[in-house]
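Structure, as structure tokens:
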Amino acid sequence: MSEYLFTSESVSEGHPDKMADQISDAVLDAILAEDPRGRIACETMIKTGIIILGGEVTTSANIDYEAVARETVKRIGYKHHEMGFDGETCGVINILGKQSVDIAQGVDRDHPEEQGAGDQGLMFGYASNETDVLMPAPITYAHRLVQRQAEVRCNGQLPWLRPDAKSQVTLRYVDGRPVAVDTVVLSTQHAPDLTQAQVHEAVIEEIIKPVLPEQWITGETRYLVNPTGRFVIGGPVGDCGLTGRKIIVDTYGGMARHGGGCFSGKDPSKVDRSAAYACRYVAKNIVAAGLAERCEIQVSYAIGVAEPTSISVETFGTGRVDSEKLTRIVREHFDLRPYGILKMLDLIRPIYTATAAYGHFGREDEGFPWERIDRAEEIRDAAGL
């Protein structure tokens with residue numbers, strides 16, 4: 001019998017790095033809504049009283065970037081000066097430039113099927129049958145905790161909560177399956193007039209217990225709520241936020257490998273984003289088809305070249321079909337060229353702001369087409385099962 005612990009973390013929409021991600025993706029969506037051919041690489045930095053937008057944009061759209069940034073911050077909940085950051089009054093500096101023509105000539109083609117990758121790189125996608133959304137359990141429940149924190153903050157159930165929060169979930173695994181919650185950490189920003197005891201009780205009863213599976217809670221489960229004792233100063237006042245700083249939160253919580261490229265602020269011509277989504281789509285359909293209990297896909301590209309330089313499939317000993325055959329099936333049934341991905345997943349749409357908090361994967365809301373399992377039957381038939 002194999003027994004071990006595994007931990008993943010998440011952060012709320014009001015965490016400064018996630019605020020930066022959401023601003024970058026709000027800029028992306030604003031451009032795509034007016035100019036589907038726009039090329040965007042928008043980076044955001046946010047700190048006390050100021051938002052800085054940088055990066056490269058080529059578009060015919062006329063965007064009020066300052067208004068996009070302010071509205072995003074206010075939607076998250078930073079709209080009163082007593083929180084230390086106010087979307088109405090903060091400064092916004094825009095230093096967005098144009099995309100290099102050297103990159104554009106490698107990406108743009110007369111025939112869209114020949115569209116080259118916007119950069120070299122490697123991307124991964126992963127799926128596991130340990131949750132209903134075919135994601136690793138630790139990151140799934142870490143996300144659900146901070147989503148619940150936002151829910152009870154916004155619906156007035158716990159009105160003294162503030163937007164910044166972090167969660168961390170440690171699960172006990174036996175023979176590769178999660179069986180118990182070992183430790184939960186939840187740190188949440190709050191109003192200054194709350195005691196630690198009040199915060200501790202409310203967080204456990206109103207956030208943690210409604211989210212975690214009851215059968216996984218044991219007498220040894222530990223709850224660590226605001227373990228420093230106080231969390232009043234938060235958001236961009238407490239920490240500087242930058243786009244792309246939460247790439248493990250965005251993906252699989254450390255359970256799968258990562259190619260290093262972030263997602264937010266990048267239009268879908270950039271394979272850092274689109275190919276990672278495609279890899280998740282492929283891996284999820286393989287697991288949904290019953291071809292493996294766990295599956296990780298790697299794909300790589302060269303700048304300006306349409307065909308992937310490599311595709312590999314790893315099933316960690318859980319596959320019902322050998323990896324060589326699975327790789328052939330992937331090549332035959334999924335077009336992983338940049339334009340093929342855009343078409344397959346219908347990515348040239350303003351759908352990205354919603355991805356920028358609570359994870360890009362395991363989300364079954366509208367606007368996450370890479371979470372569909374519509375190819376499962378097709379590839380199961382191809383495998384002869």
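Here the Cβ of each residue, glycine as well, is placed from N, Cα and C on the backbone.
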Same-site L-methionine binder from Gln99, Gln189, Gln196, Gln198, given that Swiss-Prot records Glu56, Asp239, Lys270: Gln99
One of His15, His360 listed by Swiss-Prot as binding ATP at the site of Asp164, Ala165, Lys166, Arg230, Phe231, Asp239, Arg245, Lys246, Lys266: His15
DSSP three-state assignment for Glu56 (L-methionine binding site): strand
10 Å Cα neighbourhood of Asp239 (ATP binding site): matching binding-site residues from Asp17, Glu43, Glu56, Lys270: Asp17
Rounded mean pLDDT for the residues that make up the region 'Flexible loop' (99-109): 60
Winner by Cβ contact number (other Cβ atoms within 10 Å) across the binding-site residues Arg230, Lys270: Lys270
Neighbour-count leader, CB within 10 A, binding-site residues: Asp17, Glu56: Asp17
